[in-house]
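Asker: As listed in TrEMBL for this protein:
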type	residues	note
DOMAIN	14-145	domain 'DinB-like'
BINDING	H51, H137, H141	Fe cation binding site
BINDING	R85, A86, A87, R88, D417, R421	gamma-L-glutamyl-L-cysteine binding site
DOMAIN	174-432	domain 'Sulfatase-modifying factor enzyme-like'
REGION	315-334	region 'Disordered'
Amino acid sequence: MSAGEELRARLAVALTRARDRSAALTECVDETELVAQHSPLMSPLVWDLAHIGNQEELWLVRDVGGREPVRRDIDELYDAFRHPRAARPALPLLDPDEARGYVAQVRDKVWEVLDRAPLRGRRLERDGFAFAMIAQHEQQHDETMLATHQLRSGPAVLTAPPPPSPSWPPAVGAEVVVPAGEFTMGTSTDPWALDNERPAHRVALPAFAIDAAPVTNGQFLEFLDDGGYRRPELWSARGWEHRQSATLAAPQFWERDGAGNWWRRVFGVLAPLPPASPVVHVSYFEAQAYARWAGRRLPTEAEWEKAARWDPRTGESRRFPWGEGEPDSGHANLGQRHLEPAAVGAYPAGRSPLGVGQLIGDVWEWTSSDFQPYPGFSAFPYREYSEVFFGGDYKVLRGGSFGTDPVACRGTFRNWDLPIRRQIFAGFRCARDVVGA
Ligand code: AVJ
Ligand code: FE
């Protein structure tokens with residue numbers, strides 16, 4: 001196979017994998033559930049599905065392919081900036097069968113476009129970027145649809161085998177010291193990296209220590225049992241205000257029984273809280289309060305990335321903690337192979353050169369950083385992907401969750417959300433300053 005054929009084959013695999021997942025997430029519930037709104041924070045699943053097809057049509061059929069629209073009348077309905085999520089169920093949306101027909105028609109045209117498109121020259125097509133961007137877009141919506149599944153009520157419809165057991169259990173509270181110095185943050189060379197990951201730039205950091213693994217349910221329970229949710233001094237002012245108005249008292253989906261034991265509901269199944277697994281479904285404000293209670297703080301985004309990518313032997317930044325190679329099932333809990341994070345100490349092969357574990361997969365990790373552009377940022381190919389979210393309302397999350405596909409996850413990948421949000425698969429790890437390392 002020539003390099004061009006090999007690239008086209010990889011793009012076809014990424015697009016097909018995304019579509020198989022979208023189909024699976026929308027075939028396991030009935031029509032009523034597809035058009036229903038399971039939470040005001042989420043779109044009806046049928047909106048996500050047609051929006052996936054509409055973005056694919058806009059970028060691949062019309063822009064890259066230069067073809068006539070498949071449906072020129074529905075762009076407005078599926079423009080995320082026109083209609084807030086809560087308003088989407090009331091729109092005259094395509095019904096489930098129409099949406100399935102639409103995405104299939106668009107995809108058929110995309111196969112013709114992929115056969116013919118030059119994958120060099122114009123930046124949009126170069127190295128297959130536009131196709132990879134669309135595969136990442138679909139997978140990001142698939143993760144959102146998975147979060148919608150977690151919010152729906154009723155019997156379970158999704159199943160998956162349990163994640164692997166720990167094999168290098170770090171001591172509770174184990175941390176790794178990252179020495180002071182510069183490292184390269186972001187990328188200018190990763191062909192499928194999105195605009196907000198660019199460009200590569202040098203960042204100098206003082207020494208810090210970071211947890212060897214994400215904070216677990218067991219650790220978080222100690223905070224809760226120590227009155228963590230009742231002590232304003234542990235919370236930021238905005239965090240406490242939110243804790244009060246939203247009456248937060250535990251992570252989302254936790255339930256306590258009469259005997260005082262904790263359970264959590266996962267995709268329709270109530271199970272005992274696994275103490276050694278990363279806590280998930282906490283807001284930034286809860287993560288921040290835990291860190292203060294523990295005498296620690298959240299890592300900055302730059303600290304997270306240095307811990308994940310910096311190789312002390314070469315001084316270079318890697319694509320992933322384990323090196324340059326694509327994630328496989330031994331590296332990280334990604335791709336919805338499992339429906340929950342793995343206990344800390346799983347995935348020894350996924351550790352960074354400094355020995356930090358489970359940075360990729362399991363849970364998105366809150367950082368203390370606002371979502372801001374890197375020096376030299378330029379919006380590409382559209383301002384609404386990243387640029388309109390810069391400014392400080394959003395906090396950065398890193399590393400991907402069990403529900404993130406590998407195509408939308410790497411050491412440089414940046415996610416963001418409002419600090420009150422916890423329907424996403426978000427947890428965290430802590431850090432602290434280190435003097436003199
Ligand atoms: C990067 C996950 C915050 O879902 O809002 C989907 C990704 N952008 N469609 C989101 C996205 C446009 C985005 N996040
Ligand atoms: Fe989108």
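Cβ coordinates come from backbone N, Cα and C, glycine included.
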Asker: Under 8 Å Cβ-Cβ from H137 (Fe cation binding site), six or more apart in the same chain: what's there?
Answerer: I52, Q55, E56
Asker: Over the domain 'DinB-like' (14-145), what is the model's mean pLDDT?
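Answerer: PLDDT averaged over the stretch: 96.
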Asker: Out of these binding-site residues, R85, R88, which one has the fewest other C-beta atoms within 10 Å of its own C-beta?
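Answerer: Among the binding-site residues R85, R88, the sparsest Cβ neighbourhood within 10 Å belongs to R85.
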Asker: Per DSSP, what is the residue count of the region 'Disordered' (315-334) in each of helix, strand and coil?
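Answerer: Computed counts for the region 'Disordered' (315-334) are 0 helix, 4 strand, 16 coil.
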Asker: Mind checking how the domain 'DinB-like' (14-145) divides into helix, strand and coil residues in DSSP?
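Answerer: Within the domain 'DinB-like' (14-145) the tally stands at 86 helix, 0 strand, 46 coil.
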Asker: Any idea what the Cα distance is from R421 (gamma-L-glutamyl-L-cysteine binding site) over to H141 (Fe cation binding site), rounded to a whole Å?
Answerer: 17
Asker: Do any residues at least six apart in sequence from A86 (gamma-L-glutamyl-L-cysteine binding site), in the same chain, have a Cβ closer than 8 Å to its Cβ, and if so which, in order?
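Answerer: Non-local contacts for A86 (gamma-L-glutamyl-L-cysteine binding site): Q37, P40.
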